[in-house]
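Visitor: Here you go, one structure.
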Amino acid sequence: AMHFNECPLQPHIPIYLVLVGACGVVLLVLVYVKNTLHGGALNQICTSGTACVLLFGICWVLIVAELVAKCLQARNMAYCPYSRFPVGAAILTSGGTIITGCNVENASYGLTVCAERTAIQRAVSEGHRSFTAIAVTCDIKDSFVGPCGACRQVLMEFGAEWDIYLTKPDGSYKKTSLRELLPLEFGPRHLAKE
């Protein structure tokens with residue numbers, strides 16, 4: 001099911017960012033045309049195009065900042081009395097919603113659920129099926145830590161075009177991709193009958 005604010009052409013990007021970015025690109029083309037034409041209205045259009053592109057960039061930076069902040073908050077909610085290794089995750093849906101999750105341990109260790117899988121399960125149970133990015137964090141301060149292999153496989157179920165923000169406790173992050181973290185993945189396409 002497609003949500004009203006998802007973009008059908010680029011489902012992994014929120015539609016408001018697509019619209020702002022597309023308007024900016026179209027208007028920037030007019031900047032090129034402006035060099036051969038003159039006029040007050042054209043100058044205003046070109047200025048608007050530049051503003052749209054800047055707005056697109058600012059929106060995306062703010063979204064990533066919020067995603068990182070939410071994963072740090074989710075880490076504080078972790079239930080990890082056995083490992084004492086809290087993990088938080090925040091997923092950005094293609095509609096712009098942020099869904100969080102934390103790791104939840106169990107005395108029967110095999111029943112423990114990772115933060116990334118908790119976030120995915122919450123998102124799916126709330127009707128989301130298309131995702132843009134995920135930020136993950138733990139308490140390790142001197143290096144960026146990625147999702148475990150099981151979580152990478154679960155994320156891959158919903159597409160390979162995720163941005164992954166590996167986040168340190170101080171809020172600094174490193175951007176990577178799910179395709180980079182899980183090369184030669186196994187996915188739903190492998191189960192398709194030919």
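Each Cβ is built from the backbone N, Cα and C atoms, and glycine gets one as well.
Residues or ranges marked as active site, proton donor in TrEMBL: E116. What TrEMBL records for N103, V104, E105, N106, A107, S108, Y109 is substrate binding site. For C114, C148, C151, the entry in TrEMBL reads Zn(2+) binding site. The annotation domain 'CMP/dCMP-type deaminase' is assigned in TrEMBL to 62-189. Feature annotation from TrEMBL assigns transmembrane segment to 13-33, 45-65.
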Visitor: If the substrate site is taken as the center of the Cβ atoms of N103, V104, E105, N106, A107, S108, Y109, which further residues of that chain fall within 8 Å of it by their Cβ?
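Guide: Surrounding the site, in chain order, are Y79, Y82, L111, T112, V113.
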Visitor: For C151 (Zn(2+) binding site), which of the recorded positions V104, Y109, E116 has the nearest Cα in space?
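Guide: Result for C151 (Zn(2+) binding site): the nearest of the recorded positions is E116.
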Visitor: Among the binding-site residues listed here, V104, A107, C114, C148, C151, which has the most company in the form of other Cβ atoms within 10 Å of its Cβ?
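Guide: The largest 10 Å Cβ neighbour count belongs to C151.
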Visitor: Taking the mean position of the Cβ atoms of C114, C148, C151 as the Zn(2+) site, which residues outside that list, in the same chain, have a Cβ no more than 8 Å away, listed in sequence order?
Guide: V87, A115, E116, R117, P147, G149, A150, R152, V154
Visitor: Could you say which of the recorded positions E105, E116 has its Cβ with the most other Cβ atoms inside 10 Å?
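Guide: Buried the deepest by this measure is E116.
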Visitor: When you put E116 (active site, proton donor) at the centre and draw a 10 Å sphere around its Cα, which of the binding-site residues N103, V104, N106, A107, S108, C148 have their Cα inside it?
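Guide: Close binding-site residues: N103, C148.
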Visitor: Looking only at Cβ atoms, how many others are within 10 Å of the one on Y109 (substrate binding site)?
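Guide: Summing over all protein chains shown, Y109 (substrate binding site) has 9 other Cβ atoms within 10 Å.
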Visitor: With the cut-off set at 10 Å between Cβ atoms, which of these binding-site residues ends up with the most neighbours? Options: N103, N106, S108.
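Guide: By the 10 Å Cβ neighbour count, N103 comes out on top.
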Visitor: Mean pLDDT over the domain 'CMP/dCMP-type deaminase' (62-189): what is the value?
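Guide: Reported value for the domain 'CMP/dCMP-type deaminase' (62-189) is a mean pLDDT of 94.
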Visitor: Measuring Cα to Cα, how many angstrom lie between N106 (substrate binding site) and C114 (Zn(2+) binding site)?
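Guide: So the alpha carbons of N106 (substrate binding site) and C114 (Zn(2+) binding site) sit roughly 11 Å from each other.
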Visitor: As a quick check of your reading of DSSP, tell me how many residues in the domain 'CMP/dCMP-type deaminase' (62-189) are helical, how many are strand and how many are coil.
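Guide: Secondary-structure breakdown of the domain 'CMP/dCMP-type deaminase' (62-189): 42 helix, 31 strand, 55 coil.
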Visitor: At the Cα level, what's the spacing in Å between A107 (substrate binding site) and C114 (Zn(2+) binding site), rounded?
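Guide: One finds 14 Å between the Cα atoms of these residues.
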